[in-house]
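Over in Swiss-Prot, the protein carries these features:
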type: BINDING; residues: 31, 32, 33, 34, 35, 36, 37, 38; note: ATP binding site
type: DOMAIN; residues: 1-233; note: domain 'ABC transporter'
type: DOMAIN; residues: 293-357; note: domain 'Mop'
């Protein structure tokens, strides 16, 4: 199901001038706070009316300024999950879910109720009130309510932003199931590279109200020396792998990525499950000999395949570690002291706790 968006809108001194297309699955709108992500998703939802532009979903024109066509919010059949769950405090979990069913009609949503409740792991919460739920539980209920409205498009505006790290880790597996088990296209707003890497098939990078880059997630996030991707501070590498095993005693998960085994904090995932990890360049150290007696658990042998130009006294070094290219940010002093150059054998050192998301 293809989504096409073109929008121009002035909001005081800030202007949106953006266009993108996606082919279903999860499309992430990524960028720093104030980049225009939420304004753009609100245009898609119909909460903001653009000065110029159009929104087309699967060939159906939802809005078109040239034709003076603007479908009201309640007729778009789009569902919106906000940063805060926004559950009705006077209704139980079951009552909140029933509100979503009301939009679709009880007969239509009846067979799906049990499947969605099971997929989101909220069956044991049905009789609780929102005040008795954790932040992660409230968001899962909000997602369930949205799904039970049978939307044509699901919009999610930073659904994990208000959660602490533990609650984020709790809810991410459910978002992966949502992505994998439903055919509903999703526009997912986030400023977290790790979330985007783990969930999205495509990413649209926003900056100052404009689209700075767009494409498949791996291509955008793995841009060798980013000038148009996620930005230098967030630069790194997306690694695809499978869950190899769990170390329950130490609450770790071992991920096999190419020829490498990478230890990460415990993930709720079955052995053999495919997943993606994002390793930020600023979290990687390089050593010319395998270091001993260090706390970092991931020491990955590899070969340097590229170095960026110096910027503010540092460079990004790309290292091929068993078929996966990892980026490391080091100072120019370290480059000279270690004689870092293409073809040199090194070890990339990554702290396990740096991969905690």
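Keep in mind that glycine also has a Cβ here, set from the backbone N, Cα and C atoms.
Quick caveat, the model's predicted, so the values are computed rather than measured.
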Cβ-centroid neighbourhood (8 Å) of the ATP site, 31, 32, 33, 34, 35, 36, 37, 38 excluded: 191, 206, 207
Collapsed DSSP category at residue 32 (ATP binding site): coil
Reduced DSSP assignment, residue 38 (ATP binding site): helix
Averaged pLDDT, computed only over the residues in the domain 'ABC transporter' (1-233): 89
List of residues, in chain order, with Cβ under 8 A from that of residue 31 (ATP binding site) and at least 6 apart: 37, 191, 205, 206, 207, 212
Listed binding-site residues (32, 37), ranked by Cβ neighbours within 10 Å, top entry: 37
Least buried by Cβ count (within 10 Å) of the binding-site residues 33, 35, 38: 33
For the binding-site residues 34, 36, the one whose C-beta sees the most other C-beta atoms within 10 angstroms: 36
Summary of DSSP states over the domain 'Mop' (293-357), given as helix, strand and coil counts: 11 helix, 33 strand, 21 coil
